[in-house]
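Peer 1: Supplied in structure tokens, the structure appears directly below.
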Amino acid sequence: MDNGSQSSQLWLGQPTAASGKRHKLQHKVTVFAIALSTLPVVLIGSAAYLFASRSITQQVIQEKHQRTEVMGDKLDQFLVSRLREVESLAVNPVLTQATLRNDSSPNQQQLLLTEFANSLDYFDSIILFDLDGNPVAQATTGKPFVGNYGDREYFQAAVKTGQSTMNGPGLSSSSGLLRVEYAVPVNDLETGNSIYIIRARVPGHYMSELFEIFEEHKRVWHLFNSDGMIFASARQNYLAQTVESYYPSLMEIFESRRSQAKVFANSQEDNRKQLVAYAPVNLSNSVNSESIGALITADTAIAFAPQYQLLRIFALGTGLTAVLVGAITTYVANRVIRPIQHLTQVAQQVTHGGNFALRAKVNNQDEIGLLANSLNQLITWIGQYTEELERSQEGLEQRVKERTEQLDAIIDNLGDGLLVIDSTGTIIRCNPVLVHMFNLYAKTVTGSPCHEVFQTDLSQLIAKNQADPTQLLITDVELPNNGIGQALVTAVVSNNSNVVPGGDFDSIVLIRDITAEKEVDQMKTDFISTVSHELRTPLTSILGFAKLIQKKLEDTVLPAVKIETKKTDRAVRQVRDNLGIIISEGERLTSLINDVLDISKIEAGKIEWNMQPSSISDLIERAISATSVLAQNNGLEIVLDVEPELPKVVCDRNRIIQVLINLISNAIKFSNEGVVTCFVRHQDIELSISIIDTGIGLSTDDLEKVFEKFTQVGKVMTDKPKGTGLGLPICRQIIEYHGGRIWAESALGQGSTFTFTLPLTADLEAKPTNMNLETLVQQLKENVRQTVAAAPVTDTPQKTILVVDDEPHIRQLLRQELEAVGYKVQMAKDGMDALNQVKASPPDLMVLDMMMPNINGFDLVAILKHNPATMGIPIIVVSIVQDQERGYRLGVDRYLSKPIDTEVLLKDIKTLLDQGTSNRQVLVVDIDTSMAKTLTDVLLSKGYTVTESTTGKDGIEKALSLKPEMIIVDSAISMEHEVVNTLQFDNGLENIFLIMVENSQVISPPDSANSA
């Protein structure tokens, strides 16, 4: 067994460069265990730290507020004590008696007051004033007071109320120093009235000395009054200053002064973080003259030192725990992971080196030992599997090589050209047939963009497949040297994949050279057309002369037979029947020829479609009317079951009627009794039409065969089916052209149901209502009749009709038919002969064939209609050439097909001769080209010569030069260019027939011939 690297590659692959950089399992386990064990410690410690920190913070706040309250209490005690000392002085009997005696002198009062003042420690000035504020006696350490003291508010309050008052703490108005002043009344002992006022003053430094106890641990305290003036402080330089000037960032403190609430905040003063505690000072009622606040600050580091100490202890404990857990985890990991590492090394050596002889050596009796035994067994199995896989791979590679060579040979020898294009449009494969088909070089094709190598039609087909890979696209493409190829494009998709547009997939193109097939098909079409046309000529003579003989017999010969015997009657009856058989079979042969021509024209794409909105009910009624005689002869009834208020469908009326007649006729022919039902329903976006019979039915195998060309169900030798087998194939092609479907449902002996659908046009109702073109043509015909009727009645000579046909039998037939009704007949054998006779003696009407030697019918018509002397001669075409549109554009008045329907021909001849030499020229002036085209097509189909114009100026010029019989003009153009006013006085246009059209509606229909 090969233990090389190749073996390992078969099942595990090569090691990656990143494998050597991976963390070892031991490290991962260690880190995970440390993290897992440390996490609870960290979480619990963090919670404890937050709890302790909040507790310490609350303690600091509480301690600060307590100190502010203590300061307030000490201040209150101090102020009250000084007040009591002054009040004691005021009620001292000695001082009171001395002030009341009249014989006491001011000096005695001064000495007595000084004596009492010296016994008081905190006052620097005590003055005795009368009630008017004049000093009576004073004891002061400074300059004596001179002046009047009656303007002081607190002094006046003491005089008025007889109660003690206090002023301050604050700045003295006279000295500007911090002080507290008391005004205490001295009352008469007998009357109780105030007779003097003692004003005592305490300097501010005494208040600062009260709070020196709070200066430990770098705390700073301040007392300030309602104006924010500091009157006591641990810092002398703060005295007489405002709090705002030193603590501008603590505006909430001043707000708290107003609300009398306690505040604890942080401040950044003197580049230090500080804690600030504020509380209002509640003084006794006796001295509460104004609000006073107490403020204490301290460094954050000092205040929260316990918190920082707790944090250091927590960090140290966490670190020691992590180290201890890490050491334990590392020890455990080494004991557990080392055997696993050994197993890993063995597995890597087997994987990367393909050495399946290695075995893991682990003596553990636990789960790791069981894992080692399992690994050894797995290595043995993998080694055996790898050997089998190598042998299978060699065989598979050989088969793939053979299949690839076989596929290449198939592609290279394929009879069709093959092309493979990737999603970017680049050619990745082609075969020799395709290279030869397009005269290319294989080396230059592969790798080239498709649009640079092939023509636009093939490139567009491939691009369409790339846009929608779900479609199978088939089209014809041009090949060099006028060749024709059929290209089939499909996406390369596996059975279990789902390709979506815009995805990454390849396209495969098969191109078959169908030049020879097209030529054969064209030869077949030409042959069928030629044979059919050649059959029509003798058939025309046969049917024509048969009908002529039948008419002569019925009108002349048989009435002249006077002998009435059984033999004579039998002979007459046999002659009648034989002529009827000849005519019937001739008409049947005509129908077969028409079917062959129809299928040929449909396949060649040469059929003309006249699509217009139609009522399906009207079409079915016309089909029933055409087949009613056949139904009566077979003893059948045709039942019509049509849903009411059906929408119109856009279709070719004549072709849909052809389908309906074919289906109804088949139902009648294959039904011996019962009814034939025409069932019509509206289903979503289409109409469903079913023809149901009660006939012999069809087998399941024949339901699709009936739509195949030249195929008839039943046994040919016994059932003797009639027809060519082209009726239903023609129906299918007509319905499929309209975008519908047709199918059959039947069972033997249970009748048949043939159903086809016609799609409804979504925007049919949204379009403006089209004018009734049939009504328009009828108006034109009525105008012709009125013109003829208005002409003076004169005795006209016998009308001359020129018959032009290269077939002598046809000329003879037409001559006998026309002379029989009183016309004078001239005959011409070809176009040149006809042209000479017209020049010599113009006829009243011409009956013309199109396929003639020398000058054909189309050329003859063009010559005559461009000659003013002959352009008014009515022309009726009777030909096997089905090109009515070309004939009407040249100016023919009627276009009939062979075999000739004598009744229709004679009727048209009479109509045209009655209307005289009308030029049947119509001028259509409409800016809407689509509407103009519709009018032109309808009028041409009715035998009129039509000239189109899209501007008013051009329309007027053509009207003046052509002198048409009718002008159909858009009302907007008529009003803009005054068409009516321009033409109504022109010589030759007095009696012009004018129809105006507005928004596809006929307006102001003319009442007479001179409508202009």
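Glycine residues also receive a Cβ, built from the backbone N, Cα and C atoms like all the rest.
Copying in the features that TrEMBL gives for the protein in this structure:
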DOMAIN    334-387  domain 'HAMP'
DOMAIN    403-447  domain 'PAS'
DOMAIN    530-762  domain 'Histidine kinase'
DOMAIN    800-913  domain 'Response regulatory'
DOMAIN    921-1012  domain 'Response regulatory'
MOD_RES   ASP849  4-aspartylphosphate
MOD_RES   ASP970  4-aspartylphosphate
TRANSMEM  29-52  transmembrane segment
Peer 1: Taking the Cβ of ASP849 (4-aspartylphosphate) as the centre, how many other Cβ atoms fall within a 10 Å radius?
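Peer 2: Its Cβ has 26 other Cβ atoms within 10 Å.
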Peer 1: Would you mind splitting the domain 'PAS' (403-447) into helix, strand and coil residue counts from DSSP?
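Peer 2: Residue counts for the domain 'PAS' (403-447) by secondary structure: 20 helix, 10 strand, 15 coil.
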Peer 1: Report, as numbers and ranges, which residues of the same chain sit near the transmembrane segment (29-52): CB under 8 Å and 6 or more residues beyond its ends.
Peer 2: 307, 310-311, 314, 317-318, 321-322, 325-326, 329-330, 332-333, 336-337
Peer 1: Whole-number Å distance between the CA of ASP970 (4-aspartylphosphate) and the CA of ASP849 (4-aspartylphosphate)?
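Peer 2: Roughly 38 Å, rounded to the nearest whole number.
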Peer 1: Note the mean pLDDT of the domain 'PAS' (403-447), expressed as a whole number.
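Peer 2: Its mean pLDDT is 82.
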Peer 1: Quick one: give me the count of other CB atoms within 10 A of the CB of ASP970 (4-aspartylphosphate).
Peer 2: 24
